[in-house]
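Pulled from TrEMBL, these are the features on record:
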DOMAIN    4-315  domain 'Cobalamin-independent methionine synthase MetE N-terminal'
BINDING   Lys19, Asn122, Trp573  5-methyltetrahydropteroyltri-L-glutamate binding site
DOMAIN    438-760  domain 'Cobalamin-independent methionine synthase MetE C-terminal/archaeal'
BINDING   Ile443, Gly444, Ser445, Asp611  L-homocysteine binding site
BINDING   Ile443, Gly444, Ser445, Glu496, Asp611  L-methionine binding site
BINDING   His653, Cys655, Glu677, Cys738  Zn(2+) binding site
ACT_SITE  His706  active site, proton donor
Amino acid sequence: MVLSSVLGFPRIGANREVKKAVEAYWAGKLSAEDLIKAAADVKKSSWTSLKERGVDLIPSGEFSLYDHVLDHSAAFNAIPKRYQGLGLSALDVFFAMGRGRQAGGVDVPACEMKKWHVFDSNYHFVVPELSEETDFKLLYNKALIEYKEAKAAGVVTRPVVLGPISYLVLGKAAKEASATFQPISLLPKILPVYKQLLSELKAAGVESVQIDEPILVLDKGADLDKQYAFAYAELVPVAPKIMLTTYFNRLDSNINFIAKLPVAGLHIDLVRAPQQLGEVLAAIKSTPIVISLGVVSGRNIWKADFAAAIKYAQTAIAALGADRVIVATSSSLLHTPVTLASEKKLTEQQRDWFSFALEKASEVATIAAVLSGSQDPKVSAALEANKVSIAKRRQFESTSDDAVRKRVAAITPDMYDRKSPFATRKEVQAKHLNLPKFPTTTIGSFPQTKEIRTARAKLGKGEISEAEYDEFIKKEIEMVVKFQEKVGLDLLVHGEPERNDMVQYFGEQLNGFVFTQNAWVQSYGSRYVRPPIIVSDVSRPTPMTVKWSSYAQSVSTKPMKGMLSGPVTILNWSFPRDDVPRKLQSQQLALALRDEVLDLEKAGISAIQVDEPAIREGLPLRRSDWDEYLQWAVDTFKLSTAGVSDATQTHSHFCYSDFGDIFPSIQRLDADVISIEFSKSDMKLLHTFKQYGYSNQIGPGVYDIHSPRVPSEKEIIERLQTTLAIIPDHLMFINPDCGLKTRGWKETEASLTNLVAAARWARANA
């Protein structure tokens, strides 16, 4: 019999209950007890929903109020010293690590964030800080607690635990660590804690446990064979049956040592890497290892093709036998919305294309039932309905917008390059913009207040007219512009009050996109996004931002930046098509943005920022695949920006990613100014700049906007001093780490006041 499995489930709640509860707790409007109850209700609903859909192996233990890697650090006592001895509850220490804290006499910054598993995902995790002094111990067994919770609700689950080697490799050396310290050296110290955790699960009657080791799909996994052999030889004797779980890419040669591990099962991702199936089956055939096949996407929202999934599974069954095959989601469903049932405005055709988390659970259960020989008429009907649905989708995909395809085909090499080199442009722009030394600016967005969200909602419901909404937005823009002038910023922005999201806003104005009402996905903490869905060829019917940028420029004599999201970021932060290459989709987006950039320039906007925070995120996980991606990713950014005159200053922004490996590609973007997150990563990117050098201008973020704490003027000056030791002062801009959309006005004003004061200090002392 073939079993079905889901590797993880969205933790946000069908109606974003967790976000609402967490933010109410932060605001002092909800008790810790009520927060825990709200979380328990969401977990119970998820478990029972998966059981009702016939899933055999249901996950528990992967839920989090903020981030599951942070949960792991908190449970294993990997808590940096700055969060200890502050008189905070364990829950408040947890949140302080995630978002910082500045209240009640406590002032601590947040831990660093990175994109999940240094993988191609927009989910952010909180980086563990480790050193020789880290004292691992099991403060609480989260996996056991949630297993018992589920059992009390009538659902037997398979606990999920982040594996010891992936956890350590994802960590970083704390400031107090020695110069030669490597987190993986702590493996002997952390394994006893894992053994305690797993033995407690086994004693409680847990039959199997899912241990996530995604590092195994990276090149660095090949260097960890001895550590894996050592770790799992220690863990297997005391643990329930271990399902070693990988996802997002292929194992390649790593399967050679993985097949020798004494684990009970291995999960592989066949959605992202179907080519690995034969090699994996050959490696484990002579072992007792059970194979879990990720045939239903945990990353995208397209309905699974049952015929293709069944074919993969039948190949595995022929090699191993049905009892050694499990049908599963390719990864955790954390990256997908909760349920399609919440969508009321999609057309019947569109609804038939998609599958969200609960629907994907039904898919794996149905595929497993077919493979197990089920005679249930409902299973047969689901199989036939899927066949019809996929055929209709393929028919729709076969159509295209000839004008868009012809325009892509007509791209010429000269369209990728600016008219003059940077040195020439810099002189022209200096005269045109007349900015002071150490010019100050922000990344784009300003606080999205309740009043802004209410006005947008009223427009959507038809409670106010378009003209009334426009007048409201004009007043918001004018207020933001006057605020920036008052604070003393040099290069202004319009604040983006009209924008719901930096990708959704553009997608709504482009042909080729479909939008949802409630398809929310967690990005980090309580920050959720509603990714647009690319369903066909992309083009721009009319200007998207010129109206509001022009209005903002009309109410100030200071230069104004136009604000756009870049082609690679729009692609990566949408659910992309799976029938055409990502390169083609990015080229189409770039041409649409090129039109917008040129229209902004014609409207008198002399600085234009095209943000690409996701360019590192989209990097393939295997180095052998990098060159092709980086070529088209950089080219499409350049295609969108290179048409302007020398006098127009182009900017781009990057955040919360490791750029060291691709820094030459960042230079090749040839943006006049880049702004990069610096404050949360201990300014480690400075070493990258020192290693490679950088000829264009740069704005290293001087404070963390994802935390509500206000940086002091002294703190910002100290960061500037460190930065100026490496970056020439004539290339320096001064700005926050990221946009200010999620911040409040009080902290925004205080932080920017200190930023401007620090810039004045720099001008006087550099």
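Note: Cβ is positioned from N, Cα and C throughout, glycine not excepted.
Distribution of TrEMBL features across the structure.
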residue: Lys19; record: 5-methyltetrahydropteroyltri-L-glutamate binding site; Cβ neighbours (10 Å): 17
residue: Ile443; record: L-homocysteine binding site; Cβ neighbours (10 Å): 25
residue: Ser445; record: L-homocysteine binding site; Cβ neighbours (10 Å): 23
residue: Glu496; record: L-methionine binding site; Cβ neighbours (10 Å): 25
residue: Trp573; record: 5-methyltetrahydropteroyltri-L-glutamate binding site; Cβ neighbours (10 Å): 24
residue: Asp611; record: L-homocysteine binding site; Cβ neighbours (10 Å): 25
residue: His653; record: Zn(2+) binding site; Cβ neighbours (10 Å): 28
residue: Glu677; record: Zn(2+) binding site; Cβ neighbours (10 Å): 26
residue: His706; record: active site, proton donor; Cβ neighbours (10 Å): 22
residue: Cys738; record: Zn(2+) binding site; Cβ neighbours (10 Å): 27
Cβ-Cβ neighbours of Asn122 (5-methyltetrahydropteroyltri-L-glutamate binding site) (radius 10 Å): 22
Cα proximity to Ile443 (L-homocysteine binding site), best match among recorded positions Glu496, Glu677, His706, Cys738: Cys738
For L-homocysteine: widest Cα to Cα gap among Ile443, Gly444, Ser445, Asp611 in Å: 12
Inter-residue C-alpha distance, Cys738 (Zn(2+) binding site) and Lys19 (5-methyltetrahydropteroyltri-L-glutamate binding site) (nearest angstrom): 21
Whole-number Å value for how far Ser445 (L-homocysteine binding site) lies from Asn122 (5-methyltetrahydropteroyltri-L-glutamate binding site) (Cα to Cα): 19
Spatial neighbour of Cys655 (Zn(2+) binding site) that is closest, considering only the recorded positions Lys19, Ser445, Glu496, Trp573, His706 and their CA atoms: His706
Distance [Cα-Cα, Å, rounded] between Lys19 (5-methyltetrahydropteroyltri-L-glutamate binding site) and His706 (active site, proton donor): 15
Mean of the pLDDT scores, which run from 0 to 100, over the domain 'Cobalamin-independent methionine synthase MetE C-terminal/archaeal' (438-760): 92
Gly444 (L-homocysteine binding site) versus recorded positions Trp573, His653, Glu677, His706 - nearest by Cα: His653
Local Cβ density at Cys655 (Zn(2+) binding site) - other Cβ atoms counted within 10 Å: 25
When distances run from the Cα of Trp573 (5-methyltetrahydropteroyltri-L-glutamate binding site) to each of the recorded positions Ser445, Asp611, His653, His706, the nearest one: Asp611
Other CB atoms within 10 A, centred on Gly444 (L-homocysteine binding site): 26
